[in-house]
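A.B. asks: In case it helps, TrEMBL gives these features for our protein:
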- 36-310: domain 'Deacetylase sirtuin-type' (DOMAIN)
- 61-80, 252-254, 278-280, Cys296: NAD(+) binding site (BINDING)
- Tyr105, Arg108: substrate binding site (BINDING)
- His161: active site, proton acceptor (ACT_SITE)
- Cys169, Cys172, Cys210, Cys215: Zn(2+) binding site (BINDING)
Amino acid sequence: LSYRAVVTMILRNLVSIGLGPRVSSPVTRRPLVEMTRSASSDMSEFRKVFSKARHIAIITGAGVSAESGVPTFRGAAGYWRKWQSQDIATPEAFFRNPSLVWEFYHYRREVMLSKGPNTAHLAIAECEARLRKQGRSVVVITQVIDDLHRQAGSRHVLKIHGSLFETRCVSCGHVAVNQGSPICAALEGKGSPDPDTSDAKIPPEELPRCEKSDCHGLLRPNVTWFGETLDSHVLTKVETVLDTCDLCLVVGTSSIVYPAAMFAPQVASRGVPVAEFNIETTSETTRFTYHFQGPCGATLPLALARHESEVV
């Protein structure tokens, strides 16, 4: 089988058991080159490469937001009440019990409204703004659905899993930004993660509804749920960024969630330097040129700071 066929088969298997979103076609087009050498932790060498890069792709995951105190809803501690996210973040769960799913997302929205960008978010945004003046580019490709990159000031952000602060009408498909707190009156005070909390059982007509006068359909969070297709338009933009970048950073991600887990290895396969910033090594670390271990908020600001060769 070709690599493309293998990737497609893997993704379909992940979807069939509810472990990942669907994609209509894999982003990766080139075969990946296996690398067995150790990734370097030489920051001075990375800084030399950084100083010469013209187009930088930064792939971010839940680890970046976790440093702002955002729950990741993964692993043993990743429960909301008695459920994990893969139990609730599905189309089937929403149409079976939209009240419960909206309680979960209302809780997440309220938590996010109390959080702010950390030093990693700010370092990325400052780097983008500074390099823009030099005719260089920084594009963030993020797996997270929060709004912290935008709050930090990043302009070029591709959100492959959607946004917690957007809604989509299940009737007319209208997408809208919504940062209301609460998003509807019936959800005020609801959504406690305590496992002893009773479900609110809010009637569908009292849940968030489409504001278009000729619709008034039920709204859902505009995020990609388990088993759903990723936005092909976003994926096309991601592929363009990955094909043209001359430096790639992988920040705060475990590299196990597909298809995003393929992005950095795809870049590495064409000989482009890839630097991983994470609190631990991952299954992909040996494919990369650099690995900087520790909190992203501590390692990233140093990595992205103004280089002595820059003329601003």
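Heads up, the Cβ atoms here are built off N, Cα and C, so glycines get one too.
Remember, it's a predicted structure, so these values are computed and weren't measured experimentally.
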A.B. asks: Which of the binding-site residues Gly61, Gly69, Cys172, Cys210 has its Cα nearest to the Cα of the residue listed as 'active site, proton acceptor'?
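C.D. replies: When the Cα distances are compared, Gly61 comes out closest.
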A.B. asks: For the Zn(2+) site given as Cys169, Cys172, Cys210, Cys215, which other residues of the same chain have their Cβ within 8 Å of the site's Cβ centre?
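C.D. replies: Result: Val170, Ser171, Gly173, His174, Lys212, His216, Gly217, Leu219.
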A.B. asks: Compared by Cα position, which of the binding-site residues Gly69, Tyr105, Arg108, Ile279 is the closest one to Cys172 (Zn(2+) binding site)?
C.D. replies: Tyr105
A.B. asks: Provide, as an integer number of angstrom, the distance between the C-alpha atoms of Cys169 (Zn(2+) binding site) and Ser65 (NAD(+) binding site).
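C.D. replies: Given the Cα positions, Cys169 (Zn(2+) binding site) is 27 Å from Ser65 (NAD(+) binding site).
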A.B. asks: At a 10 A cut-off on CB-CB distances, which of the binding-site residues Cys169, Cys172, Cys215, Ile279 has the highest count?
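C.D. replies: Of the binding-site residues Cys169, Cys172, Cys215, Ile279, the most buried by Cβ count within 10 Å is Cys169.
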A.B. asks: Nearest to Gly61 (NAD(+) binding site) in three-dimensional space, by Cα, is which of the binding-site residues Tyr105, Arg108, Cys210, Cys215?
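C.D. replies: Of the binding-site residues Tyr105, Arg108, Cys210, Cys215, Arg108 has its Cα closest to that of Gly61 (NAD(+) binding site).
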A.B. asks: Give me the Cα-Cα distance between Cys215 (Zn(2+) binding site) and Ile279 (NAD(+) binding site), rounded to a whole Å.
C.D. replies: 47
A.B. asks: Out of Ser65, Cys210, Gly252, the binding-site residues in the record, which is closest to Arg108 (substrate binding site) when you go by Cα distance?
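C.D. replies: Nearest in space to Arg108 (substrate binding site), counting only the binding-site residues, is Ser65.
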A.B. asks: In the predicted model, what is the mean pLDDT computed over the domain 'Deacetylase sirtuin-type' (36-310)?
C.D. replies: 95
A.B. asks: Going along the chain, which residues six or more apart from Gly252 (NAD(+) binding site) have their CB under 8 A from its CB?
C.D. replies: Thr60, Gly61, Ala62, Gly63, Val64, Ser65, Ala66, Glu67, Ala120, Phe277, Asn278, Cys296
